[in-house]
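Colleague: Okay, so TrEMBL annotates it like this:
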- Glu154: active site (ACT_SITE)
- Cys110, His153, His157: Fe cation binding site (BINDING)
Amino acid sequence: MITMKDIVREGHPVLREVAKEVTLPATAEEKEILSEMLQFIKNSQDPEIADKYNLRPGVGIAAPQIGISKRMFAVHTYDENDVLYSYGLFNPKMISHSVEENHLDGGEGCLSVDREITGIVPRHARITVKGTTLEGEEVKLKLKGYIAIVFQHELDHLDGIMFYDRIEAFQDKLKKPL
Ligand code: UDB
Ligand code: ZN
């Protein structure tokens with residue numbers, strides 16, 4: 001099983017690479033890794049398992065975060081209406097997004113970042129993502145609110161982008177010219 005010791009931390013070059021597309025259909029090994037990633041997120045949200053293995057309660061994880069530079073991630077979390085979004089996706093791609101932006105008021109963190117970094121992380125308010133599920137099914141997801149932010153955070157990992165890369169620009173944008 002995946003535990004915190006498998007999580008690559010800030011400073012490791014794999015987090016800055018543009019991950020490679022997965023050739024579909026995914027191999028048995030790729031499916032196994034992606035299901036393990038999804039299981040890690042589920043485990044991390046189970047108080048007993050999280051306590052036993054010292055897991056940070058996570059909502060999503062991208063393959064580069066376990067040192068694998070492939071375009072796949074797992075998300076397992078609830079939106080504002082308590083609807084569960086549980087996906088392991090191969091080659092997820094944002095095919096459209098709103099101009100309107102959104103952010104989490106408390107900023108963001110990351111399983112690969114062991115320090116507190118404050119600041120607003122601007123995200124698109126609404127996105128449409130295409131991808132192939134663990135079951136090999138092509139899906140098109142229209143996302144908004146919290147879940148859209150989680151997906152954008154994970155998509156960024158596939159392009160070597162960390163959440164704090166997006167902080168400064170937003171602060172600048174709010175500065176009105178004198
Ligand atoms: C997380 N967890 O998993 F609102 F029950 C974060 C960490 C970095 C704090 C572990 C998280 O937001 N947990 C959470 C939030 C809730 C309710 C709840 C648990 N990530 C995922 C990550 O690093 N993926 O690469 C960071 C999130 C920040 C914004 C979106 C993803
Ligand atoms: Zn992250």
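Glycine residues also receive a Cβ, built from the backbone N, Cα and C atoms like all the rest.
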Colleague: Using the centroid of the Cβ atoms of Cys110, His153, His157 as reference, list every other same-chain residue with Cβ within 8 Å of it (recorded Fe cation site), in sequence order.
Modeller: Gly60, Ala62, Gln65, Glu108, Leu111, Ser112, Glu154, Asp156, Met162, Phe163
Colleague: Taking the Cβ of His157 (Fe cation binding site) as reference, which residues of that chain separated by at least 6 in sequence fall under 8 Å from it?
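Modeller: Expected: Leu15, Ala19, Ala62, Pro64, Gln65, Phe73.
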Colleague: Which chain-mates of His153 (Fe cation binding site) that are at least 6 residues away have a CB under 8 A from its CB, listed by sequence?
Modeller: Gly60, Glu108, Cys110, Arg123, Phe163
